[in-house]
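Noted in TrEMBL for the protein shown:
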| type | residues | note |
| --- | --- | --- |
| DOMAIN | 124-212 | domain 'PDZ' |
| DOMAIN | 225-296 | domain 'PDZ' |
| TRANSMEM | 12-34 | transmembrane segment |
| TRANSMEM | 105-128 | transmembrane segment |
| TRANSMEM | 388-409 | transmembrane segment |
| TRANSMEM | 430-452 | transmembrane segment |
Amino acid sequence: MNFTELLDKGWGILMVVLFFGGSIFVHELGHFLAAKWRGLHIERFSIGFGPKIVSWTSGGVEYRLSWLPLGGYVALPQLADMRGIEGDSSIDVKAMPPISYTSKVIVAVAGAVFNIIFAFLLATLLFFTGRPTSEDRASVEVGYLSETLQNAEGQEVPAPAKQAGMQMGDLIRSIDGVPVHDWDDIHQGIALSAGKAETGERKIEFIVERDGKELPLQVQPIISQGMKLRQVGLRPGYTVIATALYKNSPAITAGIQPGDILLELDGTPIRSVAFYSDYLEDKAGQAVPLKYQRGEDVFDTTITPEEVAIWSDGRTAVLSGIAGFDTNRSLLHQTPWEQMKEVVSTTWTNLQALLNRNSDIGISHMSGPAGIIRVIYSAAQYDMLNTIWIVVFINVSLAIFNLLPIPVLDGGHIAFATINKFRRQPMNPNVIASLQGSFMILLFGMMLYVTFFDVSRWVSDTSESNEIKETRIAPVFGQKAEPASDPTE
């Protein structure tokens, strides 16, 4: 590991501590300040659960950092009996005066309110700075159609989108009746779809625009091998820009320079890197007509891809010698309200898919603390502004999740307080304790289950990435590649 990689990793860890830990701290700070304001007894303020790493006492309150980074809590024995999670209280709760319904609701909802305020402040910052986006993310154009895909059993099967009659250049207007505005909408619409035909087969209803006319297309998605999500074999269409070239490569011979826009291959528009690479895959040694643009000028040339070794074991690929691609990029200036609305809409859609029995979304697709840490860590090494956008998303989602009427969560406290308000008498403490204990076990079990899949994906992706780094070699053009050796010889 070189010094630059070490700095990147250190920066990623710092951002995790700042933003993930900060989001938990902000949530608990809301409870803490509201409890102070309403005069509740505060036993403990903890970031994390379980045994303490370090603690100190100030003003009668114990402040601690604990070992399990699955959230945090403010121990408020007057609000609810949470000894199973928060530990025993040092006071006799029964001897303390009861707190009002209003105080209970204010204290319970304050954590979510503080997360929303934190998210709103970050969203305001993004409104002024702009959030980086790219043409492929903003696209609704089909730029590539896979011929085949691997299903959940690892078998190569015909790609559903192409099989259903979708064409490159189609503009996707809606999925299952819901309008789409960018590729994130399309990706989410496919993965979270829950449609099923009368025969029981999965289906997705697309409306595409082709030659100015809207056409309905019914696609039967397959389940992917890795994530077990619906997929149809689509990639977005966007402007393809060459950014780097290998020495002595066919691209240099063809006259291409960094910054050139690739327009056409053999008369077919180039609207994705996937199409460009796939089209040349079986054309080693053939001169393929290529049109590209530099500034205002358009040039016609031919490019002759070569078969070159790209793996240390001698395996080859047919390449044109373009070492890097990019597309048009811009800054998206959404108002804080627009950003919050987008996050709430996405969170609600995810929740609906999770609860829909026809959907293929399950608890294993959720992200727990490990998944959130990974997303922040990875994003922080590439772009700070997109990292902030992720933190906006996390805080709004955290607020919504905590307000669900589930015992142990803030929404559960509000639900119990409301039931007591209407009954005009407190619920049986033993019933509440049983519900709290049962749901505590369920919640922690679910978090451990989700964390298992988060860590499994992280380990798998890291292993795959390291293997590529260790075995991939830079192609050398202008010389004949040696064929890969037969391992059976």
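Using N, Cα and C of the backbone, Cβ positions are placed for all residues, glycine too.
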Taking only the residues in the domain 'PDZ' (124-212), give me the average pLDDT of this model.
95
When counting Cβ pairs under 8 Å to the transmembrane segment (388-409), the leader among 12-34, 105-128, 430-452:
105-128
When the domain 'PDZ' (225-296) is classified with DSSP, how many of its residues are helical, how many are strand and how many are coil?
12 helix, 25 strand, 35 coil
Recorded stretches the transmembrane segment (105-128) and the transmembrane segment (12-34) touching, at least 3 CB pairs under 8 Å:
yes
Give me the DSSP three-state residue breakdown of the domain 'PDZ' (124-212), ordered helix, strand, coil.
23 helix, 32 strand, 34 coil
